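Chemist: Sharing a structure here in structure tokens format.
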Amino acid sequence: MDLELFDDDQLLDDKHHDLIKKLVAFCGKQLKLPENTEMSITLVGDDEIERINREYRETDRVTDVISFAIEEGEDDLPLLPGMAKNIGDLFIDPLTVRRHAEDYGHSFERELGYTVVHGFLHLNGYDHIKPEDEAVMIPLQKKILAAYGLTR
């Protein structure tokens, strides 16, 4: 996995940056994605995540993660052999992640991991709006977190 991680406001320390990078690589292996798969994660604060949520999802509130998947359509050009595939971008608000960790009574690392895996699965076509989709996504999310060692 080729991950671009942006933290212009230094919302997290190097230890947490490393956790994100390692977890994304682990997720890529769990889903058997090609090694040259690309994505980005941008860490933002409450004001920015609320603005993005309002502008792109028409929801005027903060949230922990917003995903923008790059989905292939019939008009897309086929990838050349060895060419990287970009699956999309995540915007994560560590401040909201920290509040969720406190609300749920577990570590910030576990909640950050949950948020990264959850967003990663969305970038790969998983969803949880319909019960039948949720029945696939949530167990996979739990399986990945447990295999990585991030349990409640």
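Residue numbers in this text run from 1 along the chain shown.
Every residue gets a Cβ built from N, Cα and C, even glycine.
If you look up Swiss-Prot, you'll see His118, His122, His128 marked as Zn(2+) binding site.
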Chemist: Where among the binding-site residues His118, His122, His128 do you find the Cβ with the fewest other Cβ atoms within 10 Å?
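Modeler: Candidates: the binding-site residues His118, His122, His128. Fewest Cβ atoms within 10 Å: His128.
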Chemist: Apart from His118, His122, His128, which residues in this chain have a Cβ no more than 8 Å from the mean position of the Cβ atoms of those residues at the Zn(2+) site?
Modeler: Ser67, Gly119, Leu121, Tyr126, Asp127, Met137, Gln141
